[in-house]
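Structure record follows, encoded as structure tokens.
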Amino acid sequence: MTNTHPAIRVSEIFGPTIQGEGVLIGLPTIFVRTGGCDYRCSWCDSLHAVDNQFRHEWEMMSVGAVWKNVLALSGGRPLMVSLSGGNPAIQPLGALIDRGHGDGYRFALETQGSLARDWFARLDVLILSPKPPSSQMTTDWAAVEACLQAAQGKPQVVLKLIVFDERDYTYAKDAAAQFPQLPIYLQPGNHTPPHPTNDDAPVDLDGILKRMEWLVDSVTRDRWFEARVLPQLHVVLWGNKRAV
Ligand code: SF4
């Protein structure tokens, strides 16, 4: 049966580690990072899974082959599988989710919300992370809304917004106003993202934490009590290192 499903373009599969950000922060997980993205954010921290020049590192894998990797890494003990990218919504992930659910695993997917898929309704957690002005991308809010509709109220859906500056903060507030029913997570961006061929490049943790402090001050000043402000835990722990 598995072989009849379309192949998935995979950049890397790694773990178990912990989820470093958002609603699942701290939770043990295996990452399945797909290759390819319809965006090019100015501060992308995953260019090795975005830029076509790294396509030779990506592999077309069957659902069975991806699942075999996840089983081996997790020792067959069910846990949360994080589907990320790139934009994982580009890939046909429905059959993988079904396969994993059959073994008792759970699935979270993070996307910028540019492409809605009917299999979003089979996820356990959907993280919508529209990109703010500092990314130099333009948000299609109708597409974000379509993603929410595709989920059909089944998975837990949350908003995650990266904030670098005042404009991003205003954008996050606008997003929260558009989707008041969704929990919202804010995180300071990493202005020193890894170079795709050098994940040893130093990270300006002091600068990131200063921005986090500013973000906390802004949220409390504005009495924005629905927002949660979190760091990227993996950046705090491991800097720009990949696959940790
Ligand atoms: S949407 Fe995400 S993966 Fe795609 S370019 Fe932007 S930050 Fe990178």
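The backbone N, Cα and C atoms fix where each Cβ goes, glycine too.
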Next item on the list: Please pick, from R33, R40, R99, the residue that TrEMBL records in the substrate site together with I18, Q19, G20, S84.
Entry: R33
Check: Which of G86, G207 does TrEMBL put in the same S-adenosyl-L-methionine site as W43, C44, D45, S129, P130, K131?
Finding: G86
Next item on the list: Quick one: pull the CA-CA distance for S84 (substrate binding site) versus D45 (S-adenosyl-L-methionine binding site), whole Å only.
Entry: 12
Check: Under a criterion of Cβ-Cβ distance under 8 Å and sequence separation of at least 6, what residues of the same chain contact P130 (S-adenosyl-L-methionine binding site)?
Finding: Q112, G113, T139, W141, V144, L159, L161, A175
Note to self: Spatially, and counting Cα to Cα, which of the binding-site residues is closest to C37 ([4Fe-4S] cluster binding site)? Options: I18, W43, S46, S129.
What the structure shows: S46
Next item on the list: Enumerate the residues of the same chain, C37, C41, C44 excluded, that satisfy the criterion Cβ within 8 A of the mean position of the Cβ atoms of the recorded [4Fe-4S] cluster site; list them in sequence order.
Entry: Y39, R40, S46, L47, V50, G86, K131, S135, M137
